[in-house]
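Peer 1: Below is the structure I would like to discuss, written out as structure tokens.
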There are 2 protein chains.
Amino acid sequence: MGEGMRVGVVGATGQVGTVMRRLLLEREFPIAEIRFFATARSAGQTISFGDRDVVVEDVETADPAGLDIALFSAGATGSRAHAPRFAAAGATVIDNSSAWRMDPDVPLVVSEVNPHAVDEARKGIIANPNCTTMAAMPVLKVLHAEAGLERLIVSTYQAVSGSGLKGAEELASQVRAATEQNVLGLVHDGAAVTLPQPVTYVRPIAFDVIPLAGSIVDDGERETDEEKKLRNESRKILELPELLVAGTCVRVPVFTGHSLSINAEFAEPISPERAEQLLAAAPGVELADVPTPLQAAGSDPSFVGRIRTDQSVPGGRGLALFISNDNLRKGAALNAVQIAELIAAKQPAA
Amino acid sequence: MGEGMRVGVVGATGQVGTVMRRLLLEREFPIAEIRFFATARSAGQTISFGDRDVVVEDVETADPAGLDIALFSAGATGSRAHAPRFAAAGATVIDNSSAWRMDPDVPLVVSEVNPHAVDEARKGIIANPNCTTMAAMPVLKVLHAEAGLERLIVSTYQAVSGSGLKGAEELASQVRAATEQNVLGLVHDGAAVTLPQPVTYVRPIAFDVIPLAGSIVDDGERETDEEKKLRNESRKILELPELLVAGTCVRVPVFTGHSLSINAEFAEPISPERAEQLLAAAPGVELADVPTPLQAAGSDPSFVGRIRTDQSVPGGRGLALFISNDNLRKGAALNAVQIAELIAAKQPAA
């Protein structure tokens, strides 16, 4: 490590932080100095990074001075507490939480969709979108440019790793319990299964789906925060403040990979063939006959397929399609690192 | 068994046939005589039914004379081959396959929704709807009566038992393989999992979702037969030949219980509160905060919840809601037995 940026990863020991560290190495991000931060519980441990050993610092007490970029995956509370301090010390904060996304002085950036917005970081903070919204943006951007997006109806199939390690552990423990009872293949009746009491989710997640991802927002609209993020973040990223969006966010027993079933309505007609032609050339997008989260897990692109004319929209102005994307990579860590790359590319050569 | 109907179950040893036999007993259907039929492979075995032992007859060679009702769950091919012969011998055939559903001389009946249609069985055959469509009908019927249904956008979450025992076995075998590799809870990357080669489905189903339930129909519209059934059968059952329907049919790693995320548009405004009031009183429907397939499995009603105003429809004319229902009970065997009950109720007392 010599020339390059001085980079911090905040929340370095968590699920997304771990992927951030891996991606910085994989993508050969130009690093002059690397620092890892976490809460007091994880501070003090040593993590190897390439050929270096890095001692994790306590984010509460560490001095952020000297950092160029701070990649935050510390939750909304951690981000509200610490991101302004890191920004004030001179770092550009790239934040993975929901804390700053709707702040008009904080750009919300998908690297392939609105990279120009990184220049509008008036608080020194750039926000990374919600993982579900993220998956759809590279696809919808090119379709919007062609035909003028007017309305989105979305049902999601969200992986448990979107709830952090505890989500994956809850699914795994319930599956193990079912396996030990030898009820697999006999489970034709809910009564036959005795699963551990759910903790992370309001219902069992093994061999089940839960149509409540996130928490109901107390504004009388009965939507979850996930469903509101899908609307508000799509509008901000696509720069379509009036876009009509209805989402139903559902958790499914998948470890990694968020999927969306989308019915999109446009101002102009657009055929499935034309959509495929555009998407074949779109950055961050890969066409698939039958996109699945297991295919997407461990990969970068948003896989998109099952593209059809929505037969319920007059005049060929509707498309139905299905998207799967790795919620920990593009949905979180990868896009954050890509934003860091946009910033690094703007620096004068050392 | 004395007074009552002379009943045959065709496909008696299959997954749905097994549930049919159980429901006939549970619901104390009035049975004077019971006969079981299956293919040659299963013929000859003895199945107990209440206090009787019944030898399974070969459907190819058996004489159907003397039956009042024949419950068919023998697949579309079996039904095309044998249902007309059973009907000609005097039985009313209640058929669970897709073979006759769109025949204008065959009523397509959901017992709570259009019971009057049983009188229109001009071929002696009554069709039982597709399990996915079925789940939604008792819910949509009452909302339509109130506000005038105009458009449905549906994404499904369909259980593997909808593909028969082989679907459940494929899910179970893949889960077992993952468990034996001890990768549960570590599965953050598709590459980490070596699952058995899929046979029933085009992709792995364990810890995955497959946005292709059914087979693509070769008419250029790129929809699956499941997606077309959802449109065509909804139109026929609700007697709305112009209803706009767009479905995306997705298989999920759930053993039993089909779910639908529905965005419904109406001619008139309808509030979530009014919808709940109507649904609380609707036959075959049960309100649930968070309906799940595991809750529905083993139960009769369509569980419906997450009822919200669809914010993307102007004037409060849209609702979003989520439905889960046992695809083997109401979705197949139960509705067939309920149709038999409608017929039995019309018979003069013996």
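Just so you know, glycine gets a Cβ as well, placed from its N, Cα and C.
According to TrEMBL:
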DOMAIN    B:6-121  domain 'Semialdehyde dehydrogenase NAD-binding'
BINDING   B:Thr13, B:Gly14, B:Gln15, B:Val16, B:Arg41, B:Ser42, B:Ser161, B:Gly162, B:Asn327  NADP(+) binding site
BINDING   B:Arg101, B:Lys228  phosphate binding site
ACT_SITE  B:Cys131  active site, acyl-thioester intermediate
BINDING   B:Gln158, B:Arg251  substrate binding site
ACT_SITE  B:His258  active site, proton acceptor
Peer 1: Name, in the order they occur in the sequence, the residues of the same chain whose CB lies under 8 A from the CB of B:Asn327 (NADP(+) binding site) and which sit 6 or more residues away.
Peer 2: B:Cys131, B:Thr132, B:Ala135, B:Gln158, B:Ala159, B:Ser161, B:Gly162, B:Thr256, B:Gly257, B:His258
Peer 1: Take the binding-site residues B:Arg41, B:Gln158, B:Ser161, B:Lys228 and keep those with a Cβ under 8 Å from any chain A Cβ; what remains?
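Peer 2: Out of B:Arg41, B:Gln158, B:Ser161, B:Lys228, B:Ser161 lie under 8 Å of chain A.
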Peer 1: To the nearest whole angstrom, what is the C-alpha distance linking B:Thr13 (NADP(+) binding site) and B:Arg251 (substrate binding site)?
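Peer 2: Here the two Cα atoms are 25 Å apart.
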Peer 1: If you count, for each of the binding-site residues B:Arg41, B:Arg251, the other Cβ atoms lying within 10 Å of its Cβ, which residue has the minimum?
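Peer 2: Each of the binding-site residues B:Arg41, B:Arg251 was scored by Cβ atoms within 10 Å; lowest is B:Arg41.
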Peer 1: Taking only the binding-site residues B:Arg101, B:Lys228, B:Arg251, which one has a CA atom nearest to the CA atom of B:Gln15 (NADP(+) binding site)?
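Peer 2: Answer for the nearest of the binding-site residues: B:Arg251.
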Peer 1: Rank the recorded positions B:Thr13, B:His258 by the number of other Cβ atoms within 10 Å of each Cβ and report the first-ranked residue.
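Peer 2: Ranked by Cβ atoms within 10 Å, first place goes to B:His258.
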Peer 1: For the C-alpha pair, I'd like the distance in angstrom between B:Arg251 (substrate binding site) and B:Lys228 (phosphate binding site), rounded off.
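Peer 2: Pair distance, Cα basis, whole Å: 16 Å.
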Peer 1: Compile a sequence-ordered list of residues in the same chain as B:Lys228 (phosphate binding site), six or more apart from it, whose Cβ lies below 8 A from its Cβ; state 'none' when nothing qualifies.
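Peer 2: Non-local contacts for B:Lys228 (phosphate binding site): B:Val217.
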Peer 1: Among the binding-site residues listed here, B:Gln15, B:Gln158, B:Ser161, whose Cβ has the fewest other Cβ atoms inside 10 Å?
Peer 2: B:Gln15
Peer 1: Quick one: Cα separation, B:Arg101 (phosphate binding site) versus B:Arg41 (NADP(+) binding site), in Å?
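Peer 2: Cα to Cα, B:Arg101 (phosphate binding site) and B:Arg41 (NADP(+) binding site) are separated by 27 Å.
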Peer 1: State the count of C-beta atoms found within 10 angstroms of the C-beta of the residue listed as 'active site, acyl-thioester intermediate', not counting that atom itself.
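Peer 2: So the Cβ neighbour count for the residue listed as 'active site, acyl-thioester intermediate' comes to 25.
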Peer 1: What mean pLDDT score does the domain 'Semialdehyde dehydrogenase NAD-binding' (B:6-121) have in the model?
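Peer 2: That region's mean pLDDT is 97.
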Peer 1: Grab the NADP(+) binding residues from the record (B:Thr13, B:Gly14, B:Gln15, B:Val16, B:Arg41, B:Ser42, B:Ser161, B:Gly162, B:Asn327) and give me their largest CA-CA distance in Å.
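Peer 2: For the residues that bind NADP(+), the greatest Cα distance is 26 Å.
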